[in-house]
Amino acid sequence: MPHHYILTLFGLLPVATNISTWWNFGSMLLTCLALQVLTGFFLAVHYTANINLAFSSIVHITRDVPYGWMMQNLHAIGASMFFICIYIHIARGLYYGSYLNKETWMSGITLLITLMATAFFGYVLPWGQMSFWAATVITNLLTAVPYLGTSLTTWLWGGFAINDPTLTRFFALHFILPFAIISLSSLHIILLHEEGSSNPLGTNPDIDKIPFHPYHTHKDLLLLTLMILLLLIIVSFSPDIFHDPDNFSKANPLVTPQHIKPELYFLFAYGILRSIPNKLGGALALVMSIMILFTIPFTHTAHLRPMTFRPLSQLMFWALISTFVTITWAATKPVEPPFIIISQVTSTLYFTFFLSIPILGWVENKMMNIS
C-alpha cells in the first residue's frame, strides 16, 4: 500500500462507483496538455519569431526537420482535439450540475479563458494570410473599449499596426501561458478532489466509493487510447482537415482574404461576435459568451443537482448543444443572408439558455412538488 502523499492522492483517491464515460475527459485533457507542451517545445526550438522568417521557419520545420511534419501537425490538430474535449467536459459539467462545486467550476472557466488566449496567440505564429488577418480583426476589437481602446491596441501591437513587435510578444505569450495553464490545472484538480467529483445521480457518493487506481485508470485508458488513435489517423492521412487554405500563403497586409475566420474551436464565439452589427456590442457579446459561464453556480434554483430527472432543463440543454453547433456552422459562411439571421437567432438562443436556468429550476421544483 503506497504511503507517499502524491501516490495516495492519485492511487487511493476515493471515487464514486457510478461515474460514466463522460467523466473520462479530464484525464484526456491532461494528456492533450502534456502533448501540446512537448510538441510545442520542439517546435519553439526551430521557430523564428520574425515576420520575414516565421512562415519560412514553419516550412523548414515541416520539410527539413526530422519528424517536424509530425510535431507540427500533432500540435495543430492536438489543439483542435483539446478544445473538442474541453467543450464536452464543460457540457458534462452543465448537464450533471458539477458547477455546484463552485471553486472547481470557477478555476475551470478561468482555465478555459487562458487556453483560448494561448490558442489565439499560437494561431498567429505561422504568419500565414489567415493568421495575420484573424489577429488584425480580433485585436482591433480592443479599439471598441471607451477612452482606453486605442492606447490598449497600440500597446498590444507594439506600434501603429501589426508588425514584428506584435509577433515577438505573441510568441512570448504563447510560450509563457502554458505554465499558467499547468498551474491552474493543478489548482483545478486539487479543488476538485477536496470535495470529490459529482456523479450521474447527483447524490452523495460517500457510502459507495472505490479507489481511483486500478478501476478508473483502466476505464480512462479506453477513451484515451481511442483519442490518441484518432489523432494519429488524422495526422497521418488528413493533416490539413482543420486548416484554412488561406493560411498556406504568407501574410500579405495588402490583400484581404475573401472570408476571415478563426480556427474551428473559436467559431462559436466568432459567430456571436459577427451576429451583432455594432463593434462594441459585438465585442461585449464575444466576452459575455464565455463570462456568462461564471454565473451558472449562482443561478441554479433546482433542488435536484443533475438534469437526469429534470425534463425541461434537458430540453433546453440539448437546444443549447444544437445552437452551439449551428453558430459554429454559420460562422464558416460569408456575411450574407440567410447566414446573418441564422447567426442572430442562434446567438439569442445561446444566451437564453443561461437566462432561463433559474426559471426552469423553479418551475421543475413546482412540477415535482419539491419544497
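Including glycine, each Cβ sits where the backbone N, Cα and C put it.
Record features, source Swiss-Prot:
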- 25-45: transmembrane segment (TRANSMEM)
- 69-90: transmembrane segment (TRANSMEM)
- His75, His174: heme b b562 binding site (BINDING)
- His89, His188: heme b b566 binding site (BINDING)
- 105-125: transmembrane segment (TRANSMEM)
- 170-190: transmembrane segment (TRANSMEM)
- His193: ubiquinone binding site (BINDING)
- 218-238: transmembrane segment (TRANSMEM)
- 280-300: transmembrane segment (TRANSMEM)
- 312-332: transmembrane segment (TRANSMEM)
- 339-358: transmembrane segment (TRANSMEM)
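Reduced to three states, the DSSP call for His174 (heme b b562 binding site) is helix. In the structure as shown, the Cβ atom of His193 (ubiquinone binding site) sits within 10 Å of 16 other Cβ atoms. Comparing the Cα of His89 (heme b b566 binding site) with the Cα of every entry in His75, His174, His193, these being the binding-site residues, the smallest distance points to His193. Note: the stretches the transmembrane segment (25-45) and the transmembrane segment (339-358) are not in contact (fewer than 3 CB pairs below 8 A, sequence gap of 6 or more).
Spacing of His193 (ubiquinone binding site) relative to His174 (heme b b562 binding site) is 29 Å (Cα to Cα, whole number). Count of Cβ pairs under 8 Å against the transmembrane segment (105-125): among 69-90, 170-190, 218-238, 312-332, the largest is for 170-190. Of the recorded residues, His174 (heme b b562 binding site) and His188 (heme b b566 binding site) place their C-alpha atoms 21 Å from one another. Note: the Cα of His75 (heme b b562 binding site) and the Cα of His188 (heme b b566 binding site) are spaced 24 Å from each other. Cβ atoms under 8 Å from those of the transmembrane segment (69-90) belong to residues 22, 25-26, 28-29, 32-33, 35-36, 39-40, 42-43, 58, 61-63, 108, 112, 115, 119, 122, 227, 230-231, 234-235, 239, 241-243, 263-265, 293, 324 of the same chain, restricted to positions at least 6 beyond its ends. Residues 21, 24-25, 27-28, 31, 70, 73-74, 77-78, 81, 85 of the same chain sit 6 or more residues outside the transmembrane segment (218-238) yet have a Cβ under 8 Å from a Cβ within it. Non-local neighbourhood of His188 (heme b b566 binding site): Thr104, Ser107, Gly108, Leu111, each in the same chain, at least six residues away, with C-beta under 8 Å from its C-beta.
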